[in-house]
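Q: Submitted below is the structure of interest, expressed as structure tokens.
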Amino acid sequence: MPVESGSSAAARQAKQKRKSHSLSIRRTNSTEQDRPGLQRDLLEGQETKLPPSLRTNLLDLFGQIEREFENLYLENIELRREIESLNDRLAADGQTVEGADLAKGALKTKASHSTSQLSQKLKTTYKASTSKIVSSFKATTSRAVCQLVKEYVGHRDGIWDLSVARTQPVVLGTASADHTAMLWSIETGKCLLKYLGHQGSVNSIKFHPTEQMALTASGDQTAHIWRYLVQLPTPQPVADTVQTPCEDDLDFSDKDDADGEAEGPNDCPSVRVPTTTLRSHQGVVIAADWLVGGKQVVTASWDRAANLYDVETSELVHSLTGHDQELTHCCTHPNQRLVVTSSRDTTFRLWDFRDPSIHSVNVFQGHTDTVTSAVFTVGDNVVSGSDDRTVKVWDLKNMRSPIAAIRTDSAVNRISVSVNQKIIALPHDNRQVRLFDMSGVRLARLPRSNRQGHRRMVCCSAWCEDNTACNLFTCGFDRQAIGWNINIPALLQEK
């Protein structure tokens with residue numbers, strides 16, 4: 001039996017590849033009458049051990065599959081066109097565009113029927129999802145109003161965290177990557193005190209519930225407790241500011257006005273030595289908080305552990321281990337000895353210290369990405385935020401599944417919940433801050449433009465219930481904190 005040389009075999013394979021390629025191109029544009037001939041040509045050009053009858057059956061089946069895919073492809077093209085047309089019409093506030101009847105078009109068969117059904121579903125979904133918002137904004141008296149009241153500028157790097165003092169005098173505290181923490185007058189925006197005791201980024205700041213003490217966590221692997229004594233300056237008369245509806249999209253711009261080299265306040269008094277230094281962690285201390293009563297504190301670290309300390313003795317009481325990756329946040333319950341820790345392992349854990357003899361832990365896996373924060377409400381709820389762009393509300397009595405879920409378009413950072421109004425403030429990576437109620441209904445979005453608002457990632461939010469001028473504070477990596485006056489009418493919250 002003759003044997004082909006290597007060159008002739010290679011030439012034959014190349015010829016077969018060209019032939020197969022040309023057949024596949026021709027088949028796309030061929031009519032169904034040409035398919036049997038093409039199939040026979042394909043059979044003749046390929047070597048196989050299959051019986052001819054089986055090969056014919058297989059090719060018939062492949063031909064049917066190909067025709068189905070061609071039909072689906074054509075339907076997909078037409079559906080995309082119809083969806084684009086429908087979106088254009090819906091974007092025009094529901095106005096009908098002349099000559100854009102979806103029943104008319106080139107597609108007269110099954111694709112036309114599917115398109116009309118899909119269009120109707122899109123219309124129904126659009127109307128249902130916007131009905132609450134439209135009805136809420138019909139009356140101007142029920143519209144949420146967000147007013148930028150004060151900007152707190154002085155840090156030389158991004159601000160990670162902020163908090164409001166719970167005792168008199170009520171001051172604003174900020175923690176920055178510039179290795180400092182600052183205390184501010186809420187009314188005047190003036191720096192009252194600067195803490196310089198840390199050797200690394202200050203990642204968190206919390207105030208003692210009854211005394212003039214602050215707790216800060218740092219990248220230098222320590223947490224510091226330090227006392228402060230400040231005197232509030234005389235408030236200056238504030239010029240009337242135009243109130244801005246929260247939902248207005250003002251002139252958005254990427255212009256970084258805040259990148260001007262803002263010099264820190266030179267006349268601000270400083271504290272350099274802490275009252276207590278808490279050491280036990282082997283990594284960055286990312287957050288810290290006071291337990292109810294203020295006699296113990298909890299810290300969260302990148303060493304995958306949270307530590308419980310006694311404030312008076314500085315001794316380590318408990319080391320809370322179990323997370324598989326770095327911790328991102330910790331929070332304590334305002335009225336009970338409960339701690340919640342969040343982590344990059346996509347979980348958050350609830351630690352119960354109400355019984356002094358034992359402490360229990362529950363693990364919750366409600367997110368698909370890093371849990372950036374989990375906080376308690378005054379009631380029996382926990383609210384968790386994540387890099388998976390969701391926020392979930394949980395009931396402490398039954399935490400098998402969330403009672404509300406909020407989906408957003410950007411990663412969520414350190415959230416906060418208003419005690420009085422029960423409003424969740426969500427700071428985002430995309431420079432936005434959105435407000436939701438506990439049932440997951442969006443109430444407002446803080447205005448942002450090239451003239452006001454944050455120009456970098458918003459890292460944290462904090463509510464202040466006792467201040468009538470500023471009741472919400474936000475901070476970000478644009479080196480500034482902002483005080484807002486949020487007015488959410490009761491009518492809008494009910495909706």
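Yeah, the Cβs are placed from backbone N, Cα and C, and that goes for glycine too.
Positions annotated as region 'Disordered' by TrEMBL: 1-39, 240-271. The feature compositional bias 'Polar residues' is assigned by TrEMBL to 22-31. Among the features that TrEMBL reports, repeat 'WD' is placed at 152-194, 195-226, 278-319, 320-361, 364-404. Residues or ranges marked as compositional bias 'Acidic residues' by TrEMBL: 246-264.
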Q: Other than its close neighbours in sequence, what residues sit by the repeat 'WD' (364-404), given a CB gap under 8 Å and a spacing of at least six beyond its ends?
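A: Residues packing against the repeat 'WD' (364-404) from afar: 328-329, 331-335, 338, 340-344, 346-350, 410-417, 419, 422, 424, 426, 436, 438-440.
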Q: Can you give me the average pLDDT across the repeat 'WD' (152-194), rounded to a whole number?
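A: Mean per-residue confidence for the repeat 'WD' (152-194): 96 out of 100.
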Q: Over the span of the repeat 'WD' (320-361), count residues by DSSP class, listing helix, strand and coil in order.
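A: Its residues divide into 0 helix, 21 strand, 21 coil.
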Q: Sequence-remote contacts (6 or more beyond its ends) of the repeat 'WD' (152-194), Cβ cut-off under 8 Å?
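A: Here the qualifying positions are 200-212, 214, 216-218, 228, 230-233, 235-236, 262-265, 268-271, 287, 414, 456-457, 459-460, 462-464, 466-467, 469-470, 473-483.
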Q: Count the residues of the repeat 'WD' (152-194) that DSSP assigns to helix (H, G, I), to strand (E, B) and to coil, and report the three numbers in that order.
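A: Result for the repeat 'WD' (152-194), in helix, strand, coil order: 0 helix, 23 strand, 20 coil.
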